[in-house]
Amino acid sequence: MRITSTSCICPVLVCLCFVQRCYGTAHHGSIKVTRNQTKHIEGETEVHHRPKRGWVWNQFFVLEEHLGPDPQYVGKLHSNSDKGDGSVKYILTGEGAGTIFIIDDTTGDIHSTKSLDREKKTHYVLHAQAIDRRTNKPLEPESEFIIKVQDINDNAPKFTDGPYIVTVPEMSDMGVIRTALHNMDREAREHYSVVIQAKDMAGQVGGLSGSTTVNITLTDVNDNPPRFPQKHYQLYVPELAQVGSAVGKIKANDADTGSNADMKYTIINGDGSGVFSISTDKETREGIISLRKPLNYEKKKSYTLNIEGANTHLDFRFSHLGPFKDVTMLKIIVGDVDEPPLFTLPSYVMEVYENAKIGTVVGTVTAQDPDSANNLVRYFIDHNREEDMYFTIDVNTGTIKTAKVFDREQTPVYNITVTASEIESPGLLSQVPVGIKILDVNDNPPELAEDYDVVVCENAKPSQIIQTITATDKDDFANGQRFHFSLDHSLSLNPNFTLKDNDDNTASILTRRRRFSRATQDVYYLPIVISDGGIPSLSSSVTLVIRVCACERDGRVRTCHAEAFLSSAGLSTGALIAILLCVIILLAIVVLFITLRRSKKEPLIISEEDVRENVVTYDDEGGGEEDTEAFDITALRNPSAAEELKYRRDVRPEVKSTPKHPTSSSLDSIDVQEFIKQRLAEADLDPSVPPYDSLQTYAYEGQRSEAGSISSLDSAATQSDQDYNYLGDWGPEFKKLAELYGEIESERTT
């Protein structure tokens, strides 16, 4: 097959085709390029193989963006088998076949029906085949060829990211886009727009071009110092301005922006530097002037301040432009205001004795008009609180007096508020706090610090301290409280206890004798007189209650209840009464039992209906079987008493057993011994009775006591040689005995 192209074959291909025709094989009259040809490296011979088909191939080229009305001619397919008689049919398949590319099946001409875009697709791969029109059999194998789209200059250069925004520091002299002017000033002009054009084909005629815009913004540098618009300022401040409040503002202008315009304001000198202060507002870049001390028009009417504003972020590249700070002068004029009265002191402290009479002078407050008019001042107390009701004040002099009688022990301090106002301007008020301290007067006698529970042990020794007491006083003593303790001298000498003043505001209670007995007396009363060191001295009388208790050998209290144990001398009154009542009840029961027994001669059984194995114990001897008075033998011989089985009333039987009764013929001849054995066997087999024995447990004292005899008969002669200390080792049962004999031994030694 041969390919021809009238318009798109490049000269190089034409030359190659011409050479191929001149040096081709003899049986073909056209160029034949087959895929079986092989190229070898230089120096080797070229081997030609017989081709399987006779295609003439070249690449097809088609121009993009064809806008003509007719289809664009691409090329021609031709087979060596085609004799021109129309018997060969050409078929085209592959990319775009039938839609973009069409072929004349008789002549083999290929046309492009659509406008192509090389930027979208650069080439197309197609397949060509020649078949016999009559038999539809292929004359040659199918072959592949390529149609390439040739580029034309149909796209102008384009800036993909435009327009561009560029920031350039002012005063810059370098960059890809270079500044054309020296020292460009942002404050003069901040934004610039530059149009950049790009041309293809190196700018030759016929080339295309594209353009974009670059927006250039000059960034700020600190090249402008701050400047105050004026060199002199004036500010009016009333004398009643509150300390700490802002009284004015001042601002220096800076042409720079951002941190380059940040500045700090300071007061560098002036007679008002100690009265006023200045701070910087970072948001507005203003200087805030505040009042540090109160103003007084009558003392000073104006102040002068020199204020400096300086940049905080300096750029030393531009230090030659001058100092980046500026100074201005501010004159502050104090305005005269009608002020309220002014007290001579910010607060007052006064004193008055308690129990003082109503109308007693406490003190005086003083206030005056600070203005030049010096108007008269009136005083009053606002009686809104309860504390204010205790005092009155003279409206003209400011003298404070008592209105009630005070008690320091209830309220030691009073806080009131005194108000002063001018007669000409009653609306102008000023107040001052007054603290009034109530001084103490010795009007409260001393008393015990607490309710003491005083205990004395039965085995206490003479001069033994049993309690230490102290006192308290509601009055206040500047040099400390001083108490004196003593016994009531109006009473007779106490034989049991005494008191010792320790000279440290405490006193000790001591015993006068040894051995106290709760059985004899379990409570003692000791009157005590307590006096203070005030002027005049006050005293009070109190009575201590001293209880007698049983204690351990180390002094620990064991018990203080008299009815809980037996003392060495006998029983307490309560215990004796209880024992006597028990004895009387027992005697009454015995008498009643004996009376009933004598009046009713009946067998000692619980009931005739419950005669089952009742064993009656008695300790009087009978007269044998013939004696029917002591024991009723019919209870054993009477068959009617044993006709039915009686269950115990205190045990609920679980299983009922059928009682076995003897026949009537054998009842007369039954033996008592056999009858008892029979009943005993039935009782052992009866499940309704308890399966255990009822035992009575008695205390067993043993064969002998390890302590031996404690009788006083054997130790009467050798009592002085006996040592009773071993009694304390016998346990708690012998504690009382050890205490008794231990006391006797201690008496002998003393």
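The backbone N, Cα and C atoms fix where each Cβ goes, glycine too.
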TrEMBL annotation of region 'Disordered' - which of the ranges 461-482, 659-680, 703-724 it falls on: 703-724
Summary of DSSP states over the domain 'Cadherin' (229-343), given as helix, strand and coil counts: 10 helix, 55 strand, 50 coil
Within-chain partners of the domain 'Cadherin' (184-228) [C-beta distance under 8 Å, separation at least 6 from its ends]: 153, 155-159, 162-172, 177, 250, 252-258, 260-261, 263, 309-311, 313-315, 317-318, 321-328
Tally of DSSP helical, extended and coil residues in the domain 'Cadherin' (344-448): 4 helix, 47 strand, 54 coil
DSSP-derived helix, strand and coil totals, residue by residue, for the domain 'Cadherin' (184-228): 3 helix, 21 strand, 21 coil
